[in-house]
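Quick paste of what TrEMBL says about this protein:
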type	residues	note
TRANSMEM	B:14-34	transmembrane segment
DOMAIN	B:73-286	domain 'ABC transmembrane type-1'
TRANSMEM	B:77-98	transmembrane segment
TRANSMEM	B:110-130	transmembrane segment
TRANSMEM	B:150-171	transmembrane segment
TRANSMEM	B:226-245	transmembrane segment
TRANSMEM	B:265-287	transmembrane segment
């Protein structure tokens, strides 16, 4: 009996004894002696961007001994879930790196501080009004500084163009009609004109629809109402026609992710490849020897080469104890030379016009940069970005419906009905 | 020693042996669980300074009319039962083989563990590459042996769920195999030997000696497998995220979206409660039936 | 007796044996191919990985992915943290679950109903919905950003499985064996140590392996609990190689994943012998 009791006591004491063990990281608080320490969670992914971010933070820390920034590395894949939990517990980082599509929900829930009073005029002026709109809530609070933007661009295999006797399109924009006829012209035998990874179709379709004035929603916030007309359906309809009427777009690629389709582009299976402009980085890094490629002018619908802007963002947690200091750091982070360096690391488009000019100069427009930067001019806020139930509608109705339509399982009318009925289901 | 006194002493011994588990369990498991269950009767939602109120059965009334949830529940049942049954059969076969005195058994046992030891991120990425319709090794191999190799495994609504089920079986096999293997080793060898001397065939010995002796372990692991599979989240989340067209939307994915993406914590917890009640009811019936068999 | 049974079995299975090897080989191909995949991928350059014509084997043994991965994600620190967490968790769970499982099976008390209810509830209720209350709790007792917090959570949430399975293994041991030993005059502790423990060894190996691997691989809770880069566990480090919208640094990820899954495999290689209970005949004579 006695033995057993002491065994039990020992087992009970084990976890308690561990509490004292510093190996587990308990205790050991770091007192900085009066200085403010801000946590900054960065999502930088490419090695060059990680290095550039570190440099900016180091420069800040050197210049501001009283406000030290501690860099924490997060990842795009999980940042949303991490923030949901941390906001609940009040332990979110002071400075939060994310994207507009994700943070507007958090802003609506009151978790993000209004930066408008803290940002310098210089930074405010450098970014277009249209892009600021994508980070402004219904009641006018600016909940983030927009940093880098992506656009959807058409990559071309120039050798395939030459083989098919097609001229590389020049000009400021590439109208959808031209894009479609080019695709048909480039389709022959085993080669499709276009490969397009649309496994998650909603964001791409919504963003490009703006080029046809397809806004999907009217009104903002909780009052947003859906409207799915011809303008909204123009993009899916055209993609569908290319896949099933012209057979100039590989329907299999529509069910894959962008990176799944890339090997087919390298292999010459697709003459053109539509993807986020940042894929240019992957192409320069991993294309086979001698692979010749170019970025075509931005796709234009009836309303011009317009796409919805979904910038990466820098925000401050509303519950941060040092909102002002954190906003000052963001202001520093937004400086044109900093943004230019980050943009080149990630092959993204700076929201700041000044930084765009710097990138154009530093890259001399090579490796597709000219066309990529040009596509950045047409980026604008879209109404769907401020519709409160948009994420739920996107997951539960829009994505399955678009997937089915692009797999030729439902008709255009059914697509329209599912999109509209889904929204009223949520209302 | 009277029966009553021995009974009471046994009760006290049991408490002493269970006690070390009890305290941390109460704090870190029972408390959050109760919290989670209660949340299912509130309107809790994400937001700074948002107040939470009990709203009785409102969530359940709303849930009853949520077609998408029930569709996902059905998918969950198909998935959980298919994976559990296939997993059990495949693992039993492997466990029996690994229990034999074969050469290189140590190596085979270790290799059999690979799907389990792999970080989940890698598993999903790897299967996506394997199943790539144009360049994946699976389709290439099918092509090479003359079978139609053009199937778009994860992208076609009709095949996505069966394919995900195969990956699910693959991912869960090591746990079930190791568990059954350990169970086979606990079957006292004497029983088998006695039967062998009586001249029973291998098959009869397996059916009449090994299997009955293994029954408690089979019950335990199939029960857990069923629950885990029903609640399975990470694998399908990264493989298909519920697509194409919602055909692989498992109920836990659904509840996850409700809580983490739309911030409806109360409603999501209500979904959890519904899953607990329905799956729990089934399990109780199953466990009852199994324990009755054991005592017969 | 053992030899007799074995020879007769072998005698009967002259045809069966090659078939058994064949079946085992098929199983291995199905289960173990990822190791081959990781090995070849980890040595390929980004260009080779994207090339549709590349062979299965890398062109040459190129270690850059390994060095780059180790540099980038500080894998050794992360591995150290993971090892500390996984080993401690496994030790706690085993120490707690073994006596508890025995008690729950052998003594029929009210505890048993409670334990069964809790075990099932804890497994059936989606863990994803528990994360937030659990996180709030750990925050309140000051365990955010600590490995101790991880250990406690992993231990408590691995316990139901271990308890549940160990109950199965205990129930599979005929009570007669224990009673025989008691009749011989052995005390309960002695019976436990000499009869029950050896018979339970394979079950203990299986359950502790479960705890070890699950703590080693757990991602979601570590993601929300750990912020400090020095505290991160391996799965967090691996997430560094995956970017937005399906961008992956595949070569480095494969290299890192290979390094990450080796410890589990080596651990199992060392203990898998214990899955063979060669101690049975001794137990009966005792």
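Note: Cβ is positioned from N, Cα and C throughout, glycine not excepted.
Since this is a predicted model, take the numbers as computed values, not measurements.
Are these features on the surface or tucked inside, and what touches them?
Taking Cβ pairs closer than 8 Å, the transmembrane segment (B:14-34) reaches no residue in its own chain that is 6 or more past its ends.
Among residues of the same chain six or more beyond the transmembrane segment (B:226-245), those with a C-beta under 8 A of the stretch's C-beta atoms are 76-77, 79-81, 83-84, 87, 120-121, 123-125, 127-128, 154-157, 160, 164, 167-168, 171-172, 251-254, 256, 275, 279, 283.
Panel annotation: around the transmembrane segment (B:265-287), residues 36-46, 52, 55, 59-60, 62-63, 69, 73, 219, 223, 226-227, 230-231, 251, 254-256, 258-259 of the same chain, lying at least six beyond its termini, place a Cβ under 8 Å from a Cβ of the stretch.
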In the same chain, who gets a Cβ under 8 Å from the transmembrane segment (B:77-98) while lying at least 6 residues past its ends?
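Here the qualifying positions are 105, 108-109, 112, 161, 164-165, 168-169, 172-173, 176-177, 180-181, 183-184, 206, 218, 221-222, 225-226, 229-230, 232, 248, 250.
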Can you work out which residues elsewhere in the same chain, 6+ from the ends of the transmembrane segment (B:150-171), have a Cβ less than 8 Å from its Cβ atoms?
75, 78-79, 82-83, 86-87, 90, 115-116, 123, 127-128, 131, 133, 136, 138-139, 142, 229, 232, 235-236, 239-240, 243-245, 247-248
